[in-house]
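S.K.: What TrEMBL shows for this protein is this:
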SIGNAL    1-21  signal peptide
TRANSMEM  37-61  transmembrane segment
TRANSMEM  241-260  transmembrane segment
TRANSMEM  266-285  transmembrane segment
TRANSMEM  306-329  transmembrane segment
TRANSMEM  341-361  transmembrane segment
TRANSMEM  368-391  transmembrane segment
TRANSMEM  397-415  transmembrane segment
């Protein structure tokens, strides 16, 4: 062996093991990143780096009675974030908001046009959103031929951030352009609903890696059950017998669909244990979000203000976690490599933001019952559209289970309308003498 090789040999002996160890560590870390539970805890750890300091700061400002002793340029910001408005009642007095009145809201033709507009807007926004959601999470990008595998986008948290940043922009512009009620709730209270909303949205995207889209839609339709449980726990609500009956029917229909699911022609139709666990997480987090928002609405804020506050903290949580993990710039690099994905991600966010505005407008114009009927129809159409576009197989028993679920949902709407109509006692007419 030449003499110079003898001199290099000790260095090679030291470098080679460290290189192999680094490669092994990188491979091990990548294997861990493929485990959804590891990614979930990594995201939660990122959120904790924002929540924990915020918790101590809020406690500190309350302990020193900053509302009475604070001064300076930061005082209005800290007051709004930590203490809010002193008054909790009468917050709508400075904004003239006329109650919805079906009899005086215009001609029947105009009302029909508004209803068609709302239904078309909701269906277009959320059907497009559902198709794109499944496309982004279950298909690859960059494959020029069917034989090529291409590259899949894996970071669900970045998609959540994209949705929230656009919704924040839209709601912020809305609040600037249109007069809103005087805000009373401390801003930090939005963080609870925001955290659960981010986690539920992450579970919603992540679940599509393990279950089919029709399974996800049916599971979302069955969330009335945990919503009722959360209502009992968080808000101490009581429910009618028909609500328990329809909840049982929904459980039966979902069970029939899940137990008869087949693998079909595409592996994305396989319902795995991981997918079911992630779906349970989605339903629990989403149920908490709706109940917490119900409590926040007692402060008489508008729906757009709620949208702005929740999305503000959602952007803060997700961008902080993405930057800490180094995934933010990786996702941007994926967008630059695949322009089709960039278009899908932006359109996904646009549909999500527009859909939220259509929700607010539909409920304001026609009430929650009409809105629920439209969205229930949307869920049924979304399942049919997904089966047609992506080739999901549904058995006869599974189809019957789907029918039971949607029948129970319509029964809930019908019973709620009858119950409200029964509570409206007719006013006695006073005859003038």
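Cβ atoms are placed via backbone N, Cα and C, with glycine included.
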S.K.: May I ask for the residues of the chain that lie six or more residues beyond the transmembrane segment (368-391) and have a Cβ under 8 Å from a Cβ within it?
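M.R.: That would be 115, 118-119, 122-123, 126-127, 130-131, 134, 138, 212-214, 217-218, 220-221, 264-266, 268, 359, 362, 402, 406, 409-410, 412-413, 416-417.
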S.K.: Count the CB pairs under 8 A between the transmembrane segment (241-260) and each of 37-61, 306-329, 341-361, 397-415, then give me the winner.
M.R.: 397-415
S.K.: With Cβ-Cβ distances below 8 Å as the criterion, list the same-chain residues six or more beyond the ends of the transmembrane segment (37-61) that contact it, or say none.
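M.R.: Tertiary neighbours of the transmembrane segment (37-61) are 70, 78, 82-83, 157, 188, 191, 195, 198-199, 202, 206, 316-317, 320-322, 324-325.
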